Amino acid sequence: MLDLKRIRTDFDTVAAKLKNRGVSEDTLTHLKELDEKRRTLLVQSEELKAERNIASAAIAQAKRQKEDATQQIADMQKVSADIKTIDNQLVAIDQQVADIITVLPNTPHDSVPVGADEEDNVEIRRWGTPRDFDFEVKAHWDLGEDLDILDWERGAKVTGARFLFYKNLGARLERALYNFMLDEHIKEGYQEIITPYMVNHDSMFGTGQYPKFKEDTFELADTNFVLIPTAEVPLTNYYRGEILDGKELPIYFTAMSPSFRSEAGSAGRDTRGLIRLHQFHKVEMVKFAKPEESYQELEKMTANAENILQKLGLPYRVISLCTGDMGFSAAKTYDLEVWIPAQNTYREISSCSNTEDFQARRAQIRYRDEADGKVKLLHTLNGSGLAVGRTVAAILENYQNEDGSVTIPEVLRPYMGGETVISPK
């Protein structure tokens, strides 16, 4: 959530930044007018309360001296009524301000490219060279069926579209991947966490999913619970409402969890395969950092995600998302896109973001600065390290062989009991 004081004192800069994120200046102007009216009413309310206090003292004095206080009482009653009217107006204005400010996206960092959509994203670097196949490549969903490791038909029967069963060496490959990912992140100083897979509405507000993106989630009827769309939500909210010791920062968390997404608005997109599912595993990274260190931590986090792809030998590229393509809470985002041979393109497999103090303000996560003793908002960061199902898809396609088998990447073999290849039955 943005700082209302910042909008008030640096309106033109904030308006220009949010315009690049699709927010109209009229919305911000209306917010500014509401804020000005609110501040005026607060002054009036305080003046009237001071007047009421004086009148109350005068009435008490008159009663002590056995004097008639009828007029003073009438005057005080009018003042009290005026205060109530103003307070009711303030409640209404506060709600209007909240309705606007809670759905405003974060302001982009100055280094973020300005653009409308993914066409304006900027490629930063590439790693690895896509393999030159001398046979016709298969899509991962066909490989999965031929190898008897992915069962889409029964997933649809048991649950519905965009669900599947992993089986045999497919299940072992999925498990090997997330264990490998977690082990690599732990080596880099991340604390492993097993989170709840349901959170409450306050947690969804804290990380920015609520109120704007409720349609993208699965809520449990007649409860305050939501299935997590990402482990970012419980990990970030772990410290919600707390003040941390500045000497402890930065703090690194990692977790593997299922992620549940309704994929609202995705009808017709990626209807086959592992790219877009309602339920998938993802290894998440979350950081809590001091403001002056957060962009250095973003580079480290992105490197941590890249490390997984490099050790798996999967070609990828790093993209800096433009202002029009970034997520709601992000101030800056790097996407990692892995090469998918059957589609002859790169597809997103990780997204690493610095939200600066946007989530921390919503969730009230602060730290006490050891230098001056002041309590300040910290910065939160989050990143995929990686989306496991998409990594399975990338391995199946990049490591496929002409005979229909798939070679298991060397780093995963110790996690799979020494298996080296997945062969057709």
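Cβ atoms are placed via backbone N, Cα and C, with glycine included.
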Inset, instruction - Have a look through Glu174, Glu284, Glu337 and flag the one Swiss-Prot assigns to the L-serine site that Thr230, Ala231, Glu232, Ser384 belong to. - result: Glu284
Inset, instruction - Round to the nearest Å and give the CA-to-CA distance linking Glu348 (ATP binding site) with Ser384 (L-serine binding site). - result: 10
Inset, instruction - Using all protein chains in view, find how many other C-beta atoms are within 10 Å of the C-beta of Thr230 (L-serine binding site). - result: 23
Inset, instruction - Give the sequence-ordered set of same-chain residues, not counting Thr230, Ala231, Glu232, Glu284, Ser384, with Cβ within 8 Å of the centre of the Cβ atoms defining the L-serine site. - result: Val233, Leu235, Ala255, Ser257, Ser259, Lys282, Val283, Met285, Val286, Asn382, Gly383
Inset, instruction - Name the one residue among Thr230, Ala231, Glu232, Glu284, Ser384 whose Cα is closest in three-dimensional space to that of Ser350 (ATP binding site); these are the binding-site residues. - result: Ser384
Inset, instruction - Among the binding-site residues Ser262, Glu263, Ile349, Ser351, report those whose Cα falls within 10 Å of that of Thr230 (L-serine binding site); none is a fine answer. - result: none
